[in-house]
Amino acid sequence: MATLAAAPWFRVRLIPELKNSQSLLYCRGNHSYRQSLCSRRRSFSVYASAGDGGDVRVRFAPSPTGNLHVGGARTALFNYLYARAKGGKFILRIEDTDLERSTKESEEAVLRDLSWLGPAWDEGPGIGGEYGPYRQSERNALYKQFAEKLLQSGHVYRCFCSNEELEKMKEIAKLKQLPPVYTGRWASATEEEVVEELAKGTPYTYRFRVPKEGSLKIDDLIRGEVSWNLDTLGDFVIMRSNGQPVYNFCVTVDDATMAISHVIRAEEHLPNTLRQALIYKALGFPMPHFAHVSLILAPDRSKLSKRHGATSVGQFRDMGYLPQAMVNYLALLGWGDGTENEFFTLEQLVEKFTIERVNKSGAIFDSTKLRWMNGQHLRSLPSEELNRIIGERWKDAGIATESQGIFIQDAVLLLKDGIDLITDSEKALSSLLSYPLYETLASAEGKPILEDGVSEVAKSLLAAYDSGELSGALAEGQPGWQKWAKNFGKLLKRKGKSLFMPLRVLLTGKLHGPDIGATTVLLYKAGTSGSVVPQAGFVTFDERFKILREVQWESFSTDVPLSAGAVTR
């Protein structure tokens, strides 16, 4: 996909030089100084609050390891709405540092689904921008630059522990019923020890020095004050032994160098904030405002997953949902404007959205309500657009020979009230074109029709068809049908349900459906206009009356068991 090519790397914001006053919070400098400071490293307290001022810049940063989940789509939407409401920028960044799971196909699928949904990004893949590139896999040189700066400042040190040593630390911690945190084996190593391991070619990681006591607090725009005890966090890795940076380090560097002002993301990322805040402090960057959105839950209040049905945007698109309905519904999962209104366009959401009205409690995903909402949006479309969407669907499905025209317009008008999803239109038209007369007459619901003398109505209806009287009336459209039905009722001395229920069964083969007059006129026109594919299961008027003529009414007697021949043609 040419439009998804990497953006040029126009500009990268470099970190300022770290000041001694900041770095005194960490062990740094030469060995003797480091030993002295480390011995006094007992307590650390910082209140992490975002820098004020500047333009609003938010980002959505999906990992291309699968499809765009509705939870991710909602996060993207909230970021977009906040940016537009504040006159800011919405940035899309691809976090593809998981080399084993990230694929180009997944990235393209995510971008395609997000484009279909509607929130347009201002910077990112396919668009570019001055803070690119916008794929983490293309920013490795930047991560290494910052890792080296942290190493030089003493905020990071080389750790030569093997996997076996790390596993042993975990086992000991487990036996002592302690958190499985790194013990700091290489945190206070001498320069001679480090040089010796480097000379031997021992693999190493970069570990970030974490104060052993104290706490860290942030002001979350949704959850309020959130705090962590630092003694629960050991020195953590920011760069693996293969030179690949770790997620939390990449995210912090990217958000800082892309001038992200607000980080709006799912609450499952809240634990990552502790590590990221420490890295921000070490690099001397002002922190963004954080807002952690609650998870989307299944009806049983568990985390929404594949076992609950469709969960990705692409699945809902393929099922026949409209993007505007998805946007409307996702916005209401955890947000509301304080009124009873449930229907919003994307433009209206931009006008109404505030982060203060986002709830901290989990939102239940109700697929039934989503389907209902989609039907409301579908039926509110301008008739030209609705005809185009459904007409194309019918043609692509091999039911209609054309995607537009009088037949399409009339069929959409007749059937739209029973269509909630675009895909429902196929079943609706196929059902309309079918003629399950025998099945209906043989059903329990068909018994009252038989008892009401439907066979006598059938004889008169056949006579009207054979004479050309019915066809002539239907050729005139709805007015012709109404005039004919009125006269037909007088002839049989029937009216209302007594007239139209047997007519519905005899003409459509069904007990229920849309207006019988409009249905009959449409079926007649379908047979004369060539608008329906012959192989689409359409039973023409000639075929219907042929079937009707062959019905053995005595076989449907309520006092006699039905024979096999009575329910088959």
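Yeah, the Cβs are placed from backbone N, Cα and C, and that goes for glycine too.
Per Swiss-Prot, the stretch carrying the note motif ''HIGH' region' among 62-72, 95-105 is 62-72. Record check, Swiss-Prot: ATP site residues include His69, Lys303, Leu304, Ser305, Lys306, Arg307, and the candidate from Glu268, Glu340 also listed there is Glu268. Together with Arg59, Phe60, Ala61, Glu95, Tyr247, Asn248, Phe249, Cys250, Val251, the L-glutamate site in Swiss-Prot holds one more listed residue from Arg112, Arg265, which is Arg265. Take the Cα of Lys306 (ATP binding site) and measure to each of the binding-site residues Ala61, Tyr247, Phe249, Val251: the nearest one is Ala61. The Cα of Leu304 (ATP binding site) lies closest to that of Ala61, out of the binding-site residues Arg59, Ala61, Val251.
Residues 70-71, 295-297, 365 of the same chain, all 6+ positions outside the motif ''KMSKS' region' (303-307), place their C-beta atoms under 8 angstroms from a C-beta of that stretch. According to its DSSP assignment, Tyr247 (L-glutamate binding site) is helical. When the binding-site residues Tyr247, Phe249 are compared by the number of other C-beta atoms lying within 10 angstroms of their own C-beta, Tyr247 comes out lowest. For the motif ''HIGH' region' (62-72), residue counts in helix, strand and coil come to 3 helix, 1 strand, 7 coil, using DSSP.
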